[in-house]
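Annotated in Swiss-Prot:
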{"type": "BINDING", "residues": "Thr62, Pro63, His64, Gly65, Glu66, Gly67, Lys68, Thr69", "note": "ATP binding site"}
Amino acid sequence: MLTDMEISRQANVRPIGWIADDFGLGKHLWREAGHAMAKISLEAARAPLRGKLVIVTAVTPTPHGEGKTVTTIGLTQGLHLLGHKACACIRQPSLGPVFGVKGGAAGGGYAQVVPMEVMNLHMTGDIHAVTSAHNLAAAAIDARLFHETRLGCESFSAKTGLPALNIDPERILWRRVVDHNDRSLRQIELGLGDNNGPVHGGGFDITAASELMAILALCENIADMRARIGRVILAMSRDGKPISADDLGVAGAMTAIMRDAIEPTLMQTLSGAPCLVHAGPFANIAHGNSSIIADRVALAHHDYVVTEGGFGSDMGFEKFCNIKSRASGIAPSAAVLVVTLRALKANSGVEGDDRARLEAGFANLHWHMQNVMGYGLPLVVAINRFPDDAMAELDWLKERCLEEGAFGCEISDAFSHGAEGARALATAVARACDAPVNFEYLYDDEMDFGARLMTLAERYGAAGVSLSEDARRDLAMITELGMDKLPLCMAKTPLSISHDPSLKGAPSGFELPVVGLRLSAGAGFITVLTGKVMTMPGLGLLPGYLNIDINDKGEIIGLG
């Protein structure tokens, strides 16, 4: 079989204007961003919603993923093949995983967004806009600290006419960001050298973990984005008051940098189905879903909209339900859970023959099935087939899924056969979308912080929760600010349902260690840091960039 790059290169990429016409967008609602991309006006999101939203999730993945994006794109192509008007909504890839271990995020095989190298490398620069806006705030808070320290607060106010913020250098909360995996930047010292400001600690996160990325994904329009950015808390004053981006006077400039990034980007799949690519928060350290705006645009113009939540259902799907859907008010009509035989065996935690490993690993799939169905959604299990999968094992898995209450279960060959390989899956999903839905959140808005945290922990299988001293201090600050009722965004390993990647299957009886809390007042949630999770990834022993180069024709090679 050809590589993803070779398949993408051989694709008949249609002019993006044709895709926009099929989408149903008048010329005033989009503008070209090159031959293969278009930016969509926010006006396109104002039409009444007509479509049904399908959320794609997965079992606990192996490090290379189980084909969730392949399934999302393949399912969209399959629905398109059946004559339905269908659109995919996915996140913009971060350069971190592209050059790290996982590779690109455009799908794969014959279920791709094309051109894949355009999607995986920069696209329309939205992530860079988020990076620039975020780091402008970081520069502004340090500059204000420098000048107030140099002049003294009274003299600063007299010279500038601005109120002194009296920033506490030990309580600057706003870390810098960059769109790469770089562990050396996790903890740094700022202000070193003569006349560079008071020395204080800091660090970098990956841009996908930026609160601005979450705001981009959760806002409804430009005014909402501006208001949310203004509420972002950058630091605390020496007398314990929060200092927001509006207080610093930088929120307007930050929004200006992100003005064009708020518009979703229209691309196409190999079969010519439309795909909206917008925002890129990670699911393990952020809320892990594409934008509300993209969903609204797609739902206003299509019968079916297929989106995905990052990693397993304990990660992106949970946040889709409790953060994104809560913010948008849009409930999904059905869910698709992607599983592979490889993932079941990897999640078994045992050695032995394949059947024994499958039996043990099924506990993980069973947990994810119960988790998804617990939100009141019809569930279709998609078995993503690999070339060496044994048919007897696939049949066994399909039968078990149906026995455990799945609305449907189909083998997907989208990777190898594109739309035709997802025909059966698309048929099952269309049927599921007509089934009764009783969608509900996992916790109520009025539950206190401890009750909401324990509800999530118990869903993971934990017997209890422990808060470190840092986490308790963070909670005291958040409570004092009156923001302890915000939804929770769990930051943890994606390689286990628990906080510990070594706990396979469906662990239970463990204690969930909370090591810190981060308030995202603009995005509207509290990030709960657990275990040894890092908000800045690192490159591995054999990173993906080793495979990437450019040939004499100027073509990128080795990507994917």
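Glycine residues also receive a Cβ, built from the backbone N, Cα and C atoms like all the rest.
Summarising the environment of Gly67 (ATP binding site), the number of other Cβ atoms within 10 Å of its Cβ, over all protein chains shown, is 29. A count of other CB atoms within 10 A of each Cβ picks out Gly65 as the most crowded of the binding-site residues Pro63, Gly65. Sequence-distant contacts of Thr62 (ATP binding site), defined as residues of its own chain at least six apart whose C-beta falls under 8 angstroms from its C-beta, comprise Arg342, Ala343, Ala346.
Least crowded of the binding-site residues (His64, Lys68), judged by neighbouring Cβ atoms within 10 Å of its own Cβ: His64. Cβ neighbours of Glu66 (ATP binding site) (same chain, under 8 Å, six or more residues apart in sequence): Ala58, Val59, Val338, Val339, Thr340, Arg342, Ala343, Asn384. Sequence-distant neighbours of Thr69 (ATP binding site) (same chain, 6+ residues apart, CB-CB distance under 8 A): Ile90, Ala105, Ala106, Gly107, Gly108, Glu308.
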